[in-house]
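Per TrEMBL, the feature transmembrane segment maps to 12-33, 53-72, 93-114, 120-140, 147-172, 184-203, 215-233.
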Amino acid sequence: LYEFAGKRVPFLVLACVCLLDGLLLLVLAPPGGTGARANMPVGTPIHRLMIDPYIAVVAGALATCNIPLAFLEPTIANWMKDSMGASEWEVGLTWLPAFFPHVLGVYVTVRLAASYPHLQWFYGALGMAIIGASSCLVPACRNFGQVIIPLCGICFGIALVDTALLPTLAFLVDVRHVSVYGSVYAIADISYSVAYALGPIVAGQIVHTMGFAQLNLGMGLANVLYAPVLLFLKNVCQMKPSHSERNILLEEGPKGLYDTIKMEERKG
């Protein structure tokens, strides 16, 4: 759009998409009263969730797997122009094919998790290995068609990691803390934000001092080395709910709809 329609058009398109999304939210999910939320239990403070070793491992994996994407976005355009003489539209179109393997990765992981839920950690580790191998292949590409392949591999691997580990965060909150998920998903967003905040700062400096190839090799190595750390999550599926929430519900009795449903589930 920038090359063929001018620099204003991409921003106008984004503005229209955001406006449409906001209007749809107002129609489909209008702001409601706070009465229902008043009966919800208080979630575990975010600082306590952050020091949970299992949650910390998941957060580290989410940050590490997104580093290649975050570091390549601000650097790959200049590299493609210098190494293969790519045009503006080729640079922009490079990321479009990666959308399809990302969706495929989500679908595959969901199907596998439904049949083998105890292997969530393995799907995440496999995704990180794929990301690592794909990152190392990027500098070897010599034309527009070749560079698409490792980028598809990176996005496929990210889909595996995200789709496997985000539900693991919810499960960890269920069995080790209170079943309120806002704080733990905030930690996931922080993990992404760390990677994308460091990208423009660190990646550019590494490319300037060491080179684009060294940047990719470092990112690939980081993902491959982190993959075995997910073995720490191997026995997560065998964890039982902690006694804290159960005792609160059974001793104090139901205080709202959420607690009533919880008690009925436990009785069942």
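Cβ atoms here come from the backbone N, Cα and C positions, even for glycine.
Automatic prediction, not curation, is the source of TrEMBL annotations.
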Segment proximity, the transmembrane segment (53-72) to the transmembrane segment (184-203), 3 or more C-beta pairs under 8 Å: yes
Beyond the flanks of the transmembrane segment (215-233) by 6 or more, those residues with Cβ under 8 Å of it: 53-54, 57-58, 60-61, 64-65, 67-68, 71-72, 75, 120-122, 124-126, 128-129, 131-136, 138-139, 157, 168, 203, 206-207
